[in-house]
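Now, the feature entries from TrEMBL:
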TRANSMEM  65-84  transmembrane segment
TRANSMEM  90-112  transmembrane segment
TRANSMEM  133-159  transmembrane segment
TRANSMEM  179-200  transmembrane segment
TRANSMEM  212-232  transmembrane segment
TRANSMEM  328-348  transmembrane segment
TRANSMEM  369-396  transmembrane segment
TRANSMEM  408-428  transmembrane segment
TRANSMEM  440-463  transmembrane segment
TRANSMEM  522-540  transmembrane segment
Amino acid sequence: MDQEALLVGKATDQHPEKRTVSTISCILGIVSQALEKLAYYGLVPNMILYLTVEYGMGTTEAANILFLWSAATNFFPLICAFIADSYTGRFPLIGFGSSTSLLGMLSLWLAAMIQPKCDKSIDVCQPITPFQLFLLYSFFTLTSIGAGGVRSSCLAFAADQVQLNNTTRISTSALETLFNWYYFSVMLAYFLSESLLVFVQTKYGWQIGFGVSLASMALSVALFFAASPFYVKFKCEHGLVSGLFQVLVAAFRNQHVDLSEEYIISYHHETGSSFSIPSQKLRYLNKACATSNPRQDLTLTGNSQNPWKLCTVQQVEDFKSLVNVLPIWSTGIILSLVTACQASFIVLQAKAMDRRTFIKGFEIPPGCYGVFMIISFVLFLVIYDLVVIPSVSWALRKPFRLGVMVRMGAGIAISVLCISTLAIVEYVRRKRAREEGGTMLSAMWLLPYMLLGGISEALISIAQNEFFYSELPKSMSSVATTLSGLNMAAASLVSSWIVTAVDTATCRTWIIEDINEGHLDYYYWLMTAFSLLNVVYFVWCSKAYGKCKSDTDNSIN
C-alpha cells in the first residue's frame with residue numbers, strides 16, 4: 001500500500017475531526033454526482049420527441065439511436081473503471097468525465113439554439129444542416145464518454161471517503177447504508193429531472209430546457225473541483241488489467257501441466273498473501289500459478305521469472321472472482337430491458353392517453369410519468385431501511401437483513417408482474433382507441449407498471465452493487481460498481497436488436513409511428529416471456545454460485 005494512503009488511514013483513525021472531513025467530502029461528492037444525474041436524466045425522457053419532431057426521424061430510427069446512446073453511456077464506464085483502478089485513480093477520471101459531459105451538453109444546447117424553424121400551420125420545416133447534425137451527434141458522443149469517466153468511479157470514490165485506508169473494506173451494514181443513501185440522492189435527482197426539467201422543456205421549449213441541464217452540469221463540475229482539497233484520494237494499483245490477461249495467457253501456456261500430480265506441483269504465491277493455494281472452482285485456471293520447477297520459474301527473491309508464464313495464486317483468484325460473478329450479472333440484463341429500456345415507448349404510449357389531472361387545465365407531460373417509478377424506488381428504500389429492518393431486528397432481538405441473493409431474486413420476480421401489467425394496459429388502451437370511437441384511456445393506468453418497476457429496481461440495483469463490491473477484490477472496486485451499469489449497456493443493445501428483429505419479422509406492424517395501428521402489447525408480452533425465463537435462469541445461477549461473502553449469519557439467504 002502507498003504511504004499517502006497509509007497516512008490518511010492513520011490520521012482518520014486517530015483524529016475524529018479527520019473522519020468528519022471525510023464524511024463531508026463524501027457528501028460533497030454525492031451532491032456533485034446527483035447534479036450530474038439531474039443534468040443527464042433531464043434530457044433522456046423527451047429525447048425521442050426531440051428527434052422525431054425537430055429532426056423528423058421515424059420512431060424506429062430514433063429509438064435505435066437512443067438505445068445505442070444508452071449502450072455507449074453504460075459501456076464506457078467499464079473501460080474507464082479499468083483505467084481508474086490501474087492507471088489514473090478515481091479523482092482524475094471523474095474530473096475528466098464531468099468536463100467532457102459539460103462540453104456535450106453545451107453542444108446540444110447550441111444545436112437547440114440553431115434548430116430548424118418550422119411553420120406549424122403548414123407543417124413545413126427548414127432542412128437539417130450538416131452542422132446541426134454534427135452538434136447533435138457530438139452531444140451523444142461526448143456525454144457517453146463523459147458518463148464513462150463519472151460513473152466508473154463515483155460510487156467507489158464515495159466509499160473511499162469513509163474508509164480508514166486503502167486495504168480495508170467497509171462493514172456490510174455500513175456498505176448497504178452508503179449504497180442506499182447514494183441511490184436515494186440519485187433517485188432524488190431523477191425525480192427532479194423527470195418532473196421539473198421535463199416540464200420546463202415541454203412548457204418553455206428546448207432552448208431553455210436544455211439550458212437548465214447545462215447549468216446543472218456546470219454547477220456539478222464546479223462543486224466537484226471546489227471540494228478537491230477535502231477528498232481522500234487513494235492511489236491506484238498498477239497492472240490490474242495486464243494481471244488479468246496474464247492469467248489467461250499463463251493458463252494457456254501451461255496447459256500441459258497435470259494438476260493431478262500434486263506431489264510435484266507447487267503454487268506460486270507472494271509472502272503474506274491471503275491465498276497460498278488456489279480454489280477448485282474453474283480449476284483449469286490453476287495452471288496459471290502452478291509450477292513443477294520453482295528454481296527455473298522463480299527468481300532468488302521469489303518473484304516469477306515471467307509473469308506471462310507463471311502468475312500468483314492471488315492473480316488467479318482475482319480473475320476467478322470476476323468470472324464467477326458474470327452469470328449473476330447477466331440476469332440483470334433482462335431486468336434493465338423491462339424497467340429502463342421501455343422508457344421511449346412509454347412516452348409515446350402516455351402521449352396517446354388521457355393525461356389530465358384533478359387540476360383544471362393541467363396535463364402531465366408524457367415524459368414525466370417515469371417520475372412515479374422514482375417515487376416508488378425512493379419510498380421503498382426509505383421504508384425498507386428505516387422501518388422494515390429496524391422493526392424486524394427489534395422483533396427478533398438481533399440484527400436482521402435480507403441476503404443479496406434474496407433481494408435480487410425478489411426484484412427479478414417482480415419484474416415479470418411489472419411488464420405484464422404494461423402489456424395489459426396497452427391492450428386495453430389500443431382496443432378503446434380503435435373500437436370505441438377513439439376514447440382515450442387514463443394515463444394513470446401506467447402507475448402499476450411504474451410502482452412495481454420502482455420496487456424491482458430498488459431491490460436488485462442496490463443488491464447487485466453490494467454483491468459485486470463485496471465479491472470482487474478491493475483492487476477492482478471501480479469495476480465492481482460499474483458492472484450493474486453494464487447491464488443497461490447490454491440491455492440497450494439487446495433492445496435495439498429485438499426492435500430491429502421484430503420490425504423486420506412483423507413487416508413493421510408491431511412498432512410504428514401511429515401506435516394505435518401497431519401492436520406494442522405483443523412486444524410487451526414478448527418481454528414478459530423473456531422475464532419469466534430470466535427467473536428460472538437466476539435460480540439456477542444463484543444455486544451454482546453458493547454463499548456470498550456479504551451474507552452474514554443474520555441474513556436471510
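Backbone N, Cα and C define each Cβ position, glycine as well.
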Which residues, given as numbers and ranges, are at least 6 beyond the ends of the transmembrane segment (522-540) yet have a Cβ under 8 Å from it?
328, 330-331, 334-335, 337-338, 342, 345, 408-409, 412-413, 415-416, 419-420, 422-423, 426, 498, 502, 510-511
Under 8 Å, at least three CB pairs between the transmembrane segment (408-428) and the transmembrane segment (90-112) (pairs 6 or more apart)?
no
Out of 65-84, 212-232, 328-348, 369-396, 440-463, what stretch is closest in contact terms to the transmembrane segment (90-112), meaning most Cβ pairs under 8 angstroms?
212-232
Within the same chain, where does the transmembrane segment (369-396) have neighbours whose Cβ lies under 8 angstroms from its own Cβ atoms, ignoring anything closer than 6 residues to its ends? I mean 6 or more beyond.
45, 177, 180, 183-184, 187-188, 190-191, 194-195, 339, 343, 346-347, 350, 443, 446-447, 450-455, 457-459, 462
